[in-house]
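Marked as domain 'TGS' by Swiss-Prot on the basis of sequence analysis: 1-61. Sequence annotations record features per position, and here Swiss-Prot assigns region 'Catalytic' to 242-533 based on sequence analysis. Taken from Swiss-Prot, the feature Zn(2+) binding site covers CYS333, HIS384, HIS510, and the record attributes it to sequence analysis.
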Amino acid sequence: MPNVKLPDGNVKHFEAPLTIYDVAHHISPGLAKAAIAGRVDGVLVDTSYLIKEDCSLIIVTEKHEDSLEIIRHSTAHLLAQAVKALFPSAQVTIGPVIEDGFYYDFAFERSFTPDDLSLIEAKMHELAKANLSITRRELPRNEAIQYFKGLGEEYKAKIIADIPENEALSLYRQGDFEDLCRGPHVPSTGFLKAFKLTKVAGAYWRGDSNNEMLQRIYGTAWADKKSLEEYLFRLEEAEKRDHRKLGKALDLFHFQDIAPGMVFWHPKGWTIYQELEHYMRNRLVDFGYQEIRTPQLVDRSLWEKSGHWANFRDEMFVTETENRHYAVKPMSCPCHVQIYNHGLKSYRDLPLRLSEFGNCHRCEPSGALHGLMRVRNMVQDDAHIFCTEDQIQSEVAMMLELVQSVYKDFGFTEIKYRLALRPEKRVGSDDVWDKAETALKLAMLGRNIEWVDAPGEGAFYGPKIECSLSDCLGRIWQCGTIQVDFSMPARLEASYVAEDGSKQTPVMLHRAILGSFERFMGILIEHYAGKLPLWLSPVQAVVLTISEKQNEYAEKVRKTLQKRGIRANFDLRNEKIGFKIREHTLQKIPYLLVVGDKEVENCQVAVRTRDGIDLGVMTIDTICDTLTQEIIRKGSI
């Protein structure tokens, strides 16, 4: 006779076993109608799940945080059902939930077309409207293999064959379609009201390029139509802001097959890059960092000693010369320890803050490469601080101050912080971990920072703070990290002489703010839709002539701007001024300075912004002062 404890603390007593749906109906018919699933003693289950013993229960409705994953998984099955109905020869493979949606891979003799997607989506709506019941059953593994082979679903049979022999499997049926799945699922297809198929792409079976190519259909699903429409709007905005398209349109960079995942920077793109580096270099000097430079190619012996060769070898580019094996560095940490080790260190030398714009290479899979966001050659704003355990808190507090200040200058004020805490397998004593975790927490408290704990997600060598930005579309980008490391200094024999004369191992703090310059530039381009703040814009102002008579004056204006440190250009072409304004507006140049006969006569310029705002006429000195002040203000404008 089960006693069921509800979230409000009330306990319901029942005389006989009953389903989640029955409990919901006992509370109210409206709740039963809205119930999507249940969470029994923390485990998600279907509404048909039979409660036989005492338990705690949460009824999951579309308002619950668990609902979207269940809705999306169920919609993936709805997609597979629709494809099988329209294209019976297609074979189903896998259909997981992903961020903001789902996908399903199919083996089919041809590629699905946009017209196919429209037909499939229409069929999905038809099946959802039919409100087909979704039921669950279990089959022994060997029976399940034979069952799917009998249906002609060879891929599904192969998936099941990889599951341990003694394991029972669950299958879900809706109408005449049945698929392998752990569940849970919504009670019926009528719960699936807001979905959209977004694209189709190729995908290798089991992610192996040696296997056959499958057709992957992507989709999104939400609890209601309003949420779906909001998401599709964000998707449309993201498409407009795609840094790869803007990079081409604004002539910033390009990629080529001759160097996969490596950027060819054009003059304007490189100007932005240099501005980032110049800005970061100045900020690091303000915070007491010493800039260093370390080799690109390092003997494998260092990587073996640091542990990278054993754990990171597949992601490293390696080469051999003169019977020695080298690796192009994937990260700078071991090399920074070599600089620390060069010469005896005393406790008086700590903390020692070393920074490098580290040029790193990683052998990312070709399928994972994505514009500037995922590259093989990246420059990281690496820094490593060597300090004592007692200095961790003050150093981390200083890092957090720098992180907040830098992000603000780039226009990011909504920062999310996550504290990755000790995992089960780790180096160092509990006392040391206690001290380090407490130091990180106190440093964040001192900066009035709120954070989320992530138990067990720290690296084996120390806890970590992750700093993530929220962009204008609400997307979260993890950029900054502050990582405590108890392992690498000892591995690489770093030491210092303590106050009592004993030899001690320093703590090493890994710190990045932008992450990789390439990825951060991609984030900036998308956040601002190419309209970068004035201080970052590759061309900050352009002088536009109305006729050839103003050419000499336009050159004088440009030179004056350049002498004042403003990146300026001019357009002396014999084109209509409206054409010039439109062209440079599309190039996202912040200020357009128009000069005609009147402006020449009065030593002025007519000022217009890229957003079409007419600021009137100004003297050359006034526009120089205006732009200079805006550049100085950076992200505070």
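Note that Cβ sites are derived from N, Cα and C of the backbone, with glycine treated the same way.
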By DSSP, what is the split of the domain 'TGS' (1-61) into helix, strand and coil residues?
14 helix, 23 strand, 24 coil
Using Cβ-Cβ distances, find the residues under 8 Å from HIS384 (Zn(2+) binding site) that belong to the same chain and are at least 6 apart in sequence, listing them in sequence order.
SER332, CYS333, HIS336, VAL337, TYR340, ARG353, LEU354, MET508, LEU509, HIS510, ARG511
Determine, for the Zn(2+) site, the additional residues of the same chain whose CB lies within 8 Å of the mean position of the CB atoms of CYS333, HIS384, HIS510; present them in sequence order.
MET331, SER332, HIS336, ASP382, ALA383, GLN483, ASP485, MET488, MET508, LEU509, ARG511
Cβ neighbour count (within 10 Å, all chains shown) around CYS333 (Zn(2+) binding site):
21
So how many other Cβ atoms are close to HIS510 (Zn(2+) binding site), meaning within 10 Å of its Cβ?
22
Taking DSSP three-state, what's CYS333 (Zn(2+) binding site) in: helix, strand or coil?
helix
Mean predicted confidence [pLDDT] for the region 'Catalytic' (242-533):
94
